[in-house]
Amino acid sequence: MAKKKPEENPKRISSHTSSAAREKPEKRKEMKQPKQANIFFLAVIVVVIAVCIGPLMAEISAPDFGHSKHVGLKMDEALLTVINELETKILVFWRSERCYQCLYQLLGVVPAGSSPGQPGSADFSVSTQHEITLQLNSAPEAQEICKVQFHFGEHGNYSLWMKNLNNVSLTNCSLVTNSEPVNSNMPILVAFFVFVGLALIFAVGCRVLRFGVVRGFVLRISGTMETERLINSELGSPRTDGLVTDNILPSPANANRRLRSLDTFRGISLVIMVFVNYGGGRYWFFRHSSWNGLTVADLVFPWFVFIMGTSIALSINSMLRGGASRSSLLKKVIWRSAQLFLIGVFIINPNYCLGPLSIDNLRIPGVLQRLAWSYLVVASLDLLVARGHLDILTTDAWWSPGLDIILYWPAWVCVLLMEIVWLCLTFLLPVPDCPTGYLGPGGIGDMGLHANCTGGAAGYIDRRLLGEQHIYQSPSSKVIYATKMPFDPEGVLGSINSVLMAFLGLQAGKILLHYRDVPTSVISRFLIWGLLLGAISAVLTECSTDKGFIPVNKNLWSLSYVTTLACFAFVLLVLVYYTIDVKKWWSGAPFYYPGMNSILVYVGHEVFEDYFPFRWHMANSQSHAEHLIQNILATSLWVVISYILYRKRIFWKI
């Protein structure tokens, strides 16, 4: 998923069926005040928000007498003073340890000492996100004097002394901490414990409310049957009524079972996606990886594509059983794909940040566009091979253990052929002035030899087919690799692998269809798929970030990225399926509710991102804690909105 413009300067280191309430007959007067339940619900929200804000506000408002923050420092920066006692001026260069095979970048110049006892000095702000290496060279001959590798702390104050030892030819470089850094991760820790505490209170409260005495006491206090309905439906044990369908396909009329775990899985992906898109507290691990590797932000979009594929399998099977024709379903698939694509291009296009949309700079690829393409291809393939009635299939044949794959072999052949096309284009397509098969970021990576080759064949195809002005202008590779070329992480070539991701989700749906009455078979097959995909990832990457044959790369949607994230998806799906639909230990709340209204929540959070109460003017825009409060509250508001819409039975389906 495409990121917002990076802020770091690269030149500086820096079902929806709620159970029918079994209501006891009461007097009619108890039903005359339904607003009391709403007031109670709003009061609970206010209390929860107050509990969340209190500790975090304390973190940012409490004076810190142990740390002196330099006035010019920004978020994720520290102050470094280089003190030069040598007789020649010094050139200071830097390189991030996250930057693979990168050139050193000039940080600044430190003048020579004017006289003995009067050293020269210069102040620099350095990045604290990752460990960095400082290289100090003498000027003008540019001879290396020393190297210092260190991970600076946010708002720390450091001094780097350069002095000659007794032997004039030997130079000593020593790093001194003048002022200890702040713990910038403390707000995350506080927020984590707050939410864990709320979850525990919720779990204990659900258990306590099951006792008749407590329930009667609550009913007497509330004086309304609405409380009992809430206890019996949403706060009690979850029920599985009706077959799961994705928001893109309407719910079938004759559904016979609904798996809450799938909506919960979708909701988990969506909530993290919203939090990341809103900024994630401006922490680097909630931003997309600059090139190879994974961060939290890189997990959620593939999971959303995966669970969309799972829902496609269940939806189409249900509709075929309901008597719908394949041709009519294909028309609906095409129409809904077109709607998703148009919404992505014209409603949530990131180029709105640059002013009114213009045909000259309209970004064509995007998140919803990628979803539309993946949905169109995978749903069309499934319509070709799907079977409406699985209960008449034999289970006595020798090949029956592989029924969920063998029956759909034509679709598998198509997807494998698409993957061969991706491999051939990626590694065999000639790219002008770039090595064939190049997968690097360009810029200062690879020692600056391929500065304009960002993304290799993937970037070249986008620039040729779409034009440089119609793709993403601020890729995450700018942050560390200082790239100059536009590159789109939702580009044309990567769309092939997004189809593979959705198809692996479709396979999960086939497993649920064929073994829906045998949870142990479902779980074992999910784990086998997770193990197989994890083994493929280990081979492709050689268990390294940068040195494998095909590194894990979100920008390219590389093959190893898909297999790795699909492995994680199968494991996560096992966990939620087992705890929600098998053991019924968890209802899926609160993630279940945004999962039921995923398109509305995603489009809504993009459209209203810059409006109050999702964003407001901050007292200190360089505070992780204040950003974290804002982003958590904005994300929580969408969860609350999705819950209210769920209660009102309002769902946006296209």
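Glycine is treated like the rest: Cβ placed from N, Cα and C.
Note that the structure is predicted; figures quoted are calculated from it, not measured.
What TrEMBL records for this protein:
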type: COMPBIAS; residues: 1-11; note: compositional bias 'Basic and acidic residues'
type: COMPBIAS; residues: 21-31; note: compositional bias 'Basic and acidic residues'
type: DOMAIN; residues: 258-377; note: domain 'Heparan-alpha-glucosaminide N-acetyltransferase catalytic'
type: REGION; residues: 1-31; note: region 'Disordered'
type: TRANSMEM; residues: 37-58; note: transmembrane segment
type: TRANSMEM; residues: 188-209; note: transmembrane segment
type: TRANSMEM; residues: 267-285; note: transmembrane segment
type: TRANSMEM; residues: 300-321; note: transmembrane segment
type: TRANSMEM; residues: 333-352; note: transmembrane segment
type: TRANSMEM; residues: 372-393; note: transmembrane segment
type: TRANSMEM; residues: 405-429; note: transmembrane segment
type: TRANSMEM; residues: 492-513; note: transmembrane segment
type: TRANSMEM; residues: 522-540; note: transmembrane segment
type: TRANSMEM; residues: 560-579; note: transmembrane segment
type: TRANSMEM; residues: 591-608; note: transmembrane segment
type: TRANSMEM; residues: 628-646; note: transmembrane segment
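Note: the domain 'Heparan-alpha-glucosaminide N-acetyltransferase catalytic' (258-377) comprises 86 helix, 1 strand, 33 coil (DSSP; helix = H, G, I, strand = E, B). Sequence-distant residue pairs (6 or more apart) of the transmembrane segment (492-513) and the transmembrane segment (560-579) include at least 3 whose Cβ atoms are under 8 Å, placing the two stretches in contact. Confidence over the domain 'Heparan-alpha-glucosaminide N-acetyltransferase catalytic' (258-377), given as mean pLDDT on the 0 to 100 scale, stands at 90. In terms of C-beta pairs under 8 Å, the stretch of 188-209, 522-540, 560-579 lying closest in packing to the transmembrane segment (628-646) is 188-209. Listed as Cβ neighbours of the transmembrane segment (522-540) (distance under 8 Å, sequence separation of 6 or more from its ends, same chain) are residues 404, 504, 507-508, 511-512, 515-516, 548-550, 552, 559-560, 563-564, 566-568, 570-571, 573-574, 577-578, 582.
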